[in-house]
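> The structure under discussion is supplied below as structure tokens; questions concerning it will follow.
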């Protein structure tokens with residue numbers, strides 16, 4: 001779009017009154033971002049009649065140093081340095097009235113190692129700006145100098161696998177169902193049967209904390225008894241994600257300490273506790289040698305809509321900085337929102353040391369993670385044993401596959417559900433390691449395994465026709481164009 005700078009220079013720049021943002025220095029098409037700049041990509045939908053350049057410049061201004069009128073105190077600062085600079089505005093393909101705005105922020109605008117401070121600027125005030133119909137933060141480029149101020153995941157994928165002594169396959173889990181209403185004893189029974197049947201983990205759901213039907217301490221005691229018995233019976237390392245989410249940090253620390261005293265290797269928190277609390281728990285987890293699982297409870301309130309909010313790829317980047325070890329990242333084939341290419345982009349952010357620009361996955365910038373540990377993505381929500389070949393193909397092996405209903409809803413019982421999932425996974429991994437086309441042959445591989453495994457046979461019969469084929473609300477805006485061979 002318009003590549004001419006409109007910035008007013010000299011004393012007229014600070015004349016009292018209202019001035020267009022693009023004339024105040026927030027639109028600089030000649031600006032070349034520095035390696036140390038934080039770069040944000042916004043999807044901007046201006047109100048009818050609002051100039052897209054002015055709208056993008058307003059986003060830059062309101063997320064950095066500007067207010068609605070000129071203030072003379074700007075002259076007391078290094079204003080040229082501290083102003084965010086929108087340097088590029090492009091129409092969004094196939095989305096009339098929407099524009100991608102690229103905005104660069106000087107690193108000195110942000111407190112080191114603070115997600116709360118970063119978000120207070122980038123998404124703090126500007127999303128309610130009246131000249132915009134909608135605003136969405138699509139992606140960010142975080143400079144190495146900034147990334148290095150964060151601790152990153154407390155444990156990381158490599159150490160977690162070493163601790164569990166499980167390699168070469170996805171980990172298996174299940175969320176205890178029903179999520180609310182069970183007594184502590186019955187809750188522990190579910191955990192025991194699922195782990196004994198072959199799962200690696202079970203987990204609390206996002207809203208099980210400490211309610212009248214089951215106090216948190218009671219749940220922790222019964223769950224860890226179940227874990228210990230399942231480990232003794234199977235000879236494998238097992239775990240259960242004990243949700244320590246609570247009303248205050250003091251309560252969360254108390255619950256986490258109790259989980260540690262009982263011998264748990266992992267604790268869980270919800271995204272809704274907030275960025276400061278998440279970072280605090282991540283520091284506790286590293287100090288106490290614990291794995292930290294994050295349930296992304298509440299994320300869809302601002303990640304799902306295409307024209308307003310924050311993309312989950314950005315949330316994933318923030319959480320890798322913050323220091324969680326596990327994060328729910330979508331399933332593609334399950335019941336929850338998840339375009340295949342977009343979801344692959346989320347998984348790339350979790351697991352790669354360097355993310356190259358990959359527009360078909362929604363990744364707009366190269367991202368160097370500066371040796372921060374990798375996060376283990378978690379696939380959960382509406383998946384079952386009959387999809388095992390698809391899950392392995394789409395999500396890879398560094399992932400936790402959580403079959404909640406697909407374990408506990410098994411017609412032969414919880415342990416049988418766990419056996420079905422474990423046998424299906426082992427059969428698919430064997431086929432992959434033998435060099436077979438396990439994606440194309442997946443149904444055949446599962447049918448052969450089911451011939452000698454009644455629980456798997458039953459699972460395939462019950463859920464064979466269950467699919468969740470709905471159009472995604474968040475597909476990438478760019479896809480590769482085929483080039484004819486010459």
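Including glycine, each Cβ sits where the backbone N, Cα and C put it.
The substrate binding site feature in Swiss-Prot is assigned to 125, 175, 179, 296, 328, 380. Swiss-Prot lists 177, 295 with the feature active site, proton acceptor, giving sequence analysis as the kind of evidence. Here Swiss-Prot flags 203, 205, 206 as Mg(2+) binding site. For 203, the entry in Swiss-Prot reads N6-carboxylysine, with the evidence type sequence analysis. For 335, the entry in Swiss-Prot reads site 'Transition state stabilizer'.
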> Quick one: of the recorded positions 205, 206, 295, which has its CA closest to the CA of residue 175 (substrate binding site)?
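Smallest Cα separation from residue 175 (substrate binding site) among 205, 206, 295: 205.
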> Residue 295 (active site, proton acceptor): which of the binding-site residues 125, 203, 328, 380 is the nearest Cα neighbour?
328
> Between the Cα atoms of residue 380 (substrate binding site) and residue 205 (Mg(2+) binding site), find the distance and write it as a whole number of Å.
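Per the Cα atoms, residue 380 (substrate binding site) and residue 205 (Mg(2+) binding site) stand 11 Å apart.
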> Hey, what's the Cβ neighbour count for residue 125 (substrate binding site) at 10 Å?
11
> Please report how many Å separate the Cα atom of residue 177 (active site, proton acceptor) from that of residue 205 (Mg(2+) binding site), as a whole number.
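Distance between the two Cα atoms comes out at 8 Å.
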> Residue 206 (Mg(2+) binding site) to residue 179 (substrate binding site): how many Å between their Cα atoms?
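So the Cα of residue 179 (substrate binding site) lies 8 Å away from that of residue 206 (Mg(2+) binding site).
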> Measuring Cα to Cα, how far is residue 296 (substrate binding site) from residue 203 (Mg(2+) binding site) in Å?
14
> I'd like the number of other C-beta atoms within 10 A of the C-beta of residue 175 (substrate binding site), please.
24
> For residue 328 (substrate binding site) and residue 205 (Mg(2+) binding site), determine the Cα separation and express it in whole Å.
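Cα-Cα, rounded: 12 Å.
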